[in-house]
Structures are given as structure tokens and as C-alpha cells.
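Asker: Just dropping this structure here.
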Amino acid sequence: MQTRNTFSWIKEQITRSISVSLMIYIITRTSISNAYPIFAQQGYENPREATGRIVCANCHLANKPVDIEVPQAVLPDTVFEAVVRIPYDMQMKQVLANGKRGALNVGAVLILPEGFELAPPDRISPEMKEKIGNLSFQNYRPTKKNILVIGPVPGQKYSEITFPILSPDPATKKDVHFLKYPIYVGGNRGRGQIYPDGSKSNNTVYNATAAGIVSKIIRKEKGGYEITIADASDGRQVVDIIPPGPELLVSEGESIKLDQPLTSNPNVGGFGQGDAEIVLQDPLRIQGLLFFLSSVILAQIFLVLKKKQFEKVQLSEMNF
């Protein structure tokens, strides 16, 4: 009897462990599929390559514009706005993972100079919080607080993203200096064409993997196609699988060439990158400049007064 109870207890524990593991897997998989910045975070230690290219372009193949606006100069330990604009036609719809059409999402990566970081909530003004909305920013790495990522978020609401940034203070951070620094940004709208493992998404064009005659086209129940190509040279048959989403361009009996497009290109999004410069200004330099300008103005005033006094003396001598 005791052996049977022990066996039941072990069986219950194993079942519970499997259930917990399955739940963790589902949650993890869902978060990865819904948050594409994590692809870059998992695959690259730094999102900006030595060539200056931001790695998001490896998956988002189309080139689109992006714009960044930052102040020309900031003082130490100051919160300022870095505004990233990701423009696109709001009427456009993209191909979703299930092959249906839907609205575009946007995402961005902001690469700040060393020492600059996301401003803490208690330092952000109410006006800036209103511009930020419900956005949640995260660091690219726990050790890289100067690199921020956001997305995917609804493009119709957040085609303009405001990052709250805290400038460093050289008085407390000895590796930071009063200099001009570059800021780099990358922004995408819509889904990518290639996954990090090199496989294609359904948001791209599919080409023929062999030359020959299209002998059979099967429309799959859940969408997509199976295209059978009979190779004219050796008679072998090649089957190309088309996922749901792209529109078919070929028909049965048609002669096709190697790498000829079998589908349209459904992609309406793309990725772009840009840069800006910002000066970490020394307050003492500003004070010195103000003192210099004040001295110049006072000197001009004294010159004018001296000139008028001299003219009065000349006039009195002439009258005498």
C-alpha cells in the first residue's frame, strides 16, 4: 500500500513538472514571436556593426526613411527628449504571420553615447510623460544602458516615439567628458523578411528553386501553396512551399526559370537608420561666454558714453 502511494506521488510530481515546463515554453515562445527586438538582442552583442550598419537591416531588407531630433547641446545631469520619427502611409496593411492583412507595427533602437541613459520616472516631467504615452523602453543589455530598444508598438499611434534621456555628469563619471557625441538610430515599420536563423518569413517574395514546367499547384487548406516544378533537363520534380500571404504569379503549365519570382512581394514596410550629434556642454564655459558677452556690451556702452562726452567738450570749445 505504501509503495502504491509513493508511486502515485511521484507520478503527480512528474505531471506537475511537465505542465509547468510546458507553460514556460508557451509563454517564452509567445514573447519572442511578439517582440522582434529580442531577435537582435539574442543574436548580437552590439546592434551596430563595425561598418556602421545596424543589424536590424539583416532581417528588414527594404530601405525606408527614419528621422531623429535631439537638442544641439545639453547640460550635465539633465533630462531631454530624443524624438524618433518613423513615417509611412497609415492606409497600408501588411501581411501577418497567419497570412491575413493587418496594421503595421513599428520599432526602434537608439544608440546613445556612453554615460547617457534612460531617464528615471521621477525625473520625467508631466509634459514629457504625456508625449511618451504608454511606451515601455528597455535596455539592449543590462550592461549597456546607453542602448535602448522599443517595439513592436502600433504604428498608427507611435510613428513618432519620444525617448526620455538623462545626460551624464562628468563630475561623477570620470570617463565622460564635455564633448560633441554622435547618436545613432534605427527604425522599422512592418514585419521582417528573414528570421535570425536565415529562413524566410511570409512577408517576402518566393522564387523558383528549379527551372522547368509548373506541373501542379495545390492550394493548401490553411492557405499557401505547394508548387511542383518538373525539371526539363532530368525530369526530376521539385516542390516549392509557399506560405499564406504572398500572391501567386504563376499557373500550371507555365515554363519558368531558376530564381524566377513565384509570388508577389507583399512587403510594405522597411528599415532605416540615421544619426545626429549632441554636445555635452560645460556650465562653466557658458558662464564664461556670458561674462565675455557682458564685458563686450559694457565696453560698447562706455565707448558710446565716452564719444558723447568728447563731442560735448568739442562743442563747448567751439562756442568759447
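Glycine residues also receive a Cβ, built from the backbone N, Cα and C atoms like all the rest.
The signal peptide annotation in Swiss-Prot covers 1-35. The heme binding site annotation in Swiss-Prot covers TYR36, CYS56, CYS59, HIS60 and is backed by sequence analysis. The transmembrane segment annotation in Swiss-Prot covers 286-306 and is backed by sequence analysis.
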Asker: Long-range same-chain neighbours of HIS60 (heme binding site), Cβ under 8 Å, sequence gap at least 6?
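Answerer: Within the chain, HIS60 (heme binding site) has Cβ neighbours under 8 Å at ASN188, GLY190, GLY192, GLN193, GLY269, GLY270, PHE271.
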Asker: Tell me, if you would, which residue among CYS56, CYS59 (binding-site residues) has the fewest other CB atoms within 10 Å in the structure shown?
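Answerer: Least crowded of the binding-site residues CYS56, CYS59, by Cβ count within 10 Å, is CYS59.
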Asker: Under a three-state reduction of DSSP output, how is CYS56 (heme binding site) classified: helix, strand, or coil?
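Answerer: CYS56 (heme binding site) sits in a helix per DSSP.
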